[in-house]
Amino acid sequence: EFKSGSVRNFVISVESQLGPLLYIRVWHDNSGIKDKASWYLNMINVMDLQTGEKSYFLCDNWFAVEKGDGLVDRVIPFASSKELKSFAHLFTQSVKKKFSDGHLWFSVFSRPVRSNFTRLQRISCCISLLFCTMISNAMFYRQDTNATTNKAGVLMKIGPIEFTLTQLWISFIGTLIVLPVNLIIVTLFRKAKYSQKTLVTYHLKETERRNKRLEKDEQYEKTKRFFSRAKNHFKHSKKLDEDEIERIGAIPSIEDKTRTLPHWTIYIAWGLVILSILTCSFFIILYSLEWGAKRANEWLITMLLSFGQSILVIDPLKVFLITAIISFLIRRPYDDETLDFNDPFTGALVSNNNIAENDGQDIYNDSQIKEVARQRRVRLFDLRPIDSNEMSRAREQRLREIKMGEIIREIVVYVFFTVILLFLSYQARDTNSYGLYRDTKNLFITDDFHGINSLNTWWNYCDGVLLKGLYAQTWYNNKNLTWREKLTTGSRVSMRVGAPRIRQLRVKENSCRVHRRVKHIIKHCRDDYNWFDDDTKDYTPRWEKVLNKTAIKMIDESNNETKRCKTPWCYQSSVRTKSGPLKALYKTYKGGGYVVSLGRTYEKARSLLETLRSENWLDQLTRAVIMDFSLYNANVNLFISVTLSFEMTSMGSIIQDYQIKIFRLYDHIGGYGILVYLFELLFVIFTIYSFIHEILLLIKQRKEYFNKFWNIISFITAIFSITAIIMYGTKKTLTRLAIRSLRKTEMGEFVNFNAIGSFDEVYSYIVALVTFFTMLKFLKLLRFNKRIGMLSQSLRYARQDLNSFGVVFIIFMIAYAHMGFGIFGRSLQSYKSFFTALTTCFRMLLGEINAPDMLAVSRVYGTFYFLSFISLVFVALLSIFLTILNDSFAHVKRELAASQHKNEMMEFMWSAFRKVAGINNKKTTEDGDEIMKNNITTMLNNSDAPLAKFDAEEL
């Protein structure tokens, strides 16, 4: 069996000297189960044991029916010196060797076959390196590192684990400190010579074991005895000529050229390993006695960082740099001189160097050599490469197996990914969210809210509803509230997070022009709100005077020396308010404005509002009043962000709107939080796997990738998944900043959780899209179903007709939207703009038609609009659409019936299942016997046996 990464050596006896080789023919019979029949050949080295000459043959290709060109029979030409010294060849071969042998941690599992740096020695070096890393990192924690940790701040936080820039630097330095010690120990293990007595004893035991296993193989025994005795006879003969003596001297020595240090140095290496482990353990215990829990956790995280850097950075970098430098500068052909005393080649050398005397038995003559060669040819007579017909059948069979494996793997991966995605999607949405939304809405969105139609009713709403909803009132028995109860809302189940805030946006006086014909009647004009002409100046109370810089400075001195005026009469930009633009029903407003914070108590808030009302804080220049506040319900672990907007239009009306956002910021609580962490990690792994898979597929297929519908769906899903991961990390960062700001202000000022709520809302939309596209891929798994296949083929066949129909349909819908906007735009809300009119037209297709309102606006035009839309769009166009689908479905059905289409993959999967389950195998066995008979007949008829050509007399 040829294992992956193995190096196999064979001792072969031949009738005469090999001489200069030009090529080697290599083939196999494609035997094996599934992928066991395929193997990858890197290179072949041929060495003449008599002359010591080496020949190299570079293959670097697969012998597999399902890979590449599908060949299992290749002729490999002799590799020239230029090919052997090329940088690409040297670098590739050296990296493969060094990564499996030079990377200390990976080599424990991927140790090369021809390597005598044992796994026990490698594991010992790893343990020594780990303990040295522990003590090197512990030395940096002798002093108090709290100050440096606080200065560095939290660099990254993954669940309960967080590390700083200082810890990252300490881990890197610690890794570099222990590197020389580890290199010395590894070098001593690699370079120490073997004990010759131990090698011979070990080889004799292995030879005895191998002989017992092959004692029934007569040809093997004769060939081995011939090789050993003939060479021993040549070695002790006194009649050898000079050429024979020269050939015998060229036989390789048993000595491993890579080992240059004396054998006793291996004991020094073991001593260093034991000493480093014991010494480091002792001092680590001493250090830990001085540490507390916090310092010990910091040291543990630093040590884990060093461990990761050693595996992922230091060792790979060492391998790549050394390999690149050696391959570029030395340019010596790759030759693995490491001897493995388990293979036949080394065994032959040990035997030839340790057989002391001849046993006196007979030596083979020429006739006996020919007899051995004749018997070998007879044994190889039936061996021949697989013929082209059989290879094509095997290739087709193997491709079907691969396709079936890909389908099964796709189903398994998809099911796991869907389960993880659904778990994360549903755990982020609490079933109590709607109940909390409803209760919050009932608390603030009352009839008084909808009845606001003037500034006076707005003040009344604030005094009667808003403040009583935001601040808990005294108990029914006049019992005073505790300090904690004063932080709750009127329902006493949710707590205010920060102080509520009211923000006003104004326009300038005379912000529009009065028509010249009425200028003598109207002296002023106040426009609607716009971003380029809003008022951003600072005023004194009652909006009387504009403050200059000197006045602002004096106010600053009276306001605890703050840098800018913070009264309700001074404008604050969106940077200072930390708010983004707000899209209301009528306009979109900036994040800045004239801001007032209501404070933490009911008395303070009511006093402040009464003062503002008496000083006419709201007047005819006010265009929007926006209230923001945040709540937290610890009972269900949900945050609430509420925004109430009141738009004062230039027409004199007040438009009310509200936004209540329910979201969760802390998902990892208790034992359930660990499960959430695990599923989030699995989601990241699956996302990275899917993204890399789609990128590789895109690179392979290029433009053809986007011609398949399911490829587009998979690509969109991968992009949205990556976006969801990035947004999740950003949301956690914003949450940390908001909580830090809340602690800093001691909940006495407004903290903008509305931005986090909006971000969480967008994140939920992205997750919803990922869930939608993932569930949509269920149709792909059903593509082997006959009906589903007919449906997809019908849509593909009708694609051109549907494109033409779509253009006509859009033209009709746009035309009716324009006509509806022109006729009903001034009277009906459903036609107040072009886009609302277009939406109304699509709703009419679903049967939602409000004909009485149309007729009430205009009996003539309303009737014409209604009847024409029903006849042309609702009846004619939809009938054409159904006709196109019906015709394409009938066409596909006729084609399938004419071709007698069979789903080959489903039949193959079903036959494979029957074979595994042992159901109805009689027919399959008969078919296999028939195929075997045909192969035997073909082999007998073919007289050309490329590996068994000899004369009839010799046979």
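The backbone N, Cα and C atoms fix where each Cβ goes, glycine too.
All TrEMBL annotations are machine predictions without curation.
Taken from TrEMBL, the feature disulfide bond applies to Cys512-Cys525.
Looking just at the domain 'PLAT' (1-77), the mean pLDDT is 79. Under the heading domain 'PLAT', TrEMBL lists 1-77.
Under the heading transmembrane segment, TrEMBL lists 120-141 (among others).
Taken from TrEMBL, the feature transmembrane segment applies to 168-189 (among others).
According to TrEMBL, the transmembrane segment annotation covers 264-287 (among others).
Taken from TrEMBL, the feature transmembrane segment applies to 307-330 (among others).
The transmembrane segment annotation in TrEMBL covers 407-426 (among others). When Cβ-Cβ distances below 8 Å are used as the criterion, the transmembrane segment (407-426) is approached by residues 676, 679-680, 682-683, 686, 689-690, 767-768, 770-771, 774-775, 777, 781, 905, 909 of the same chain, each at least six residues removed from its ends.
Marked as transmembrane segment by TrEMBL: 674-697 (among others). Beyond the ends of the transmembrane segment (674-697), by six or more residues, the same chain brings 159, 413, 416-417, 420-421, 423-424, 427, 667-668, 705, 711, 714-715, 717-718, 721-722, 725, 728 to within a C-beta distance below 8 angstroms of the stretch.
Same-chain residues lying 6 or more positions outside the transmembrane segment (709-728) and placing a CB less than 8 Å from one of its CB atoms are 680, 683-684, 687, 690-691, 694, 697-698, 701, 759, 762-763, 766-767, 769-770, 773-774, 776-777, 780. Per TrEMBL, the feature transmembrane segment maps to 709-728 (among others).
Counting residues 6+ beyond its ends, the transmembrane segment (762-782) has Cβ neighbours under 8 Å at 410-411, 414, 417-418, 421-422, 424-425, 428-429, 710, 713-714, 716-717, 720-721, 723-724, 727-728, 731, 788 in the same chain. The transmembrane segment annotation in TrEMBL covers 762-782 (among others).
Per TrEMBL, the feature transmembrane segment maps to 802-824 (among others).
Under the heading transmembrane segment, TrEMBL lists 864-885 (among others).
Within the chain carrying the transmembrane segment (120-141), a Cβ under 8 angstroms from the stretch's Cβ atoms is held by residues 104-105, 107-108, 111, 170-171, 173-175, 177-178, 181-182, 185-186, 189, 269-270, 272-273, 276-277, 279-281, 283-284, 287, 291, 295, 298-299, 302-303, 306-307, 310, all 6 or more beyond its ends. Packing around Cys512 (disulfide bond) is summarised by its Cβ count: 14 other Cβ atoms lie within 10 angstroms of its Cβ, all protein chains included.
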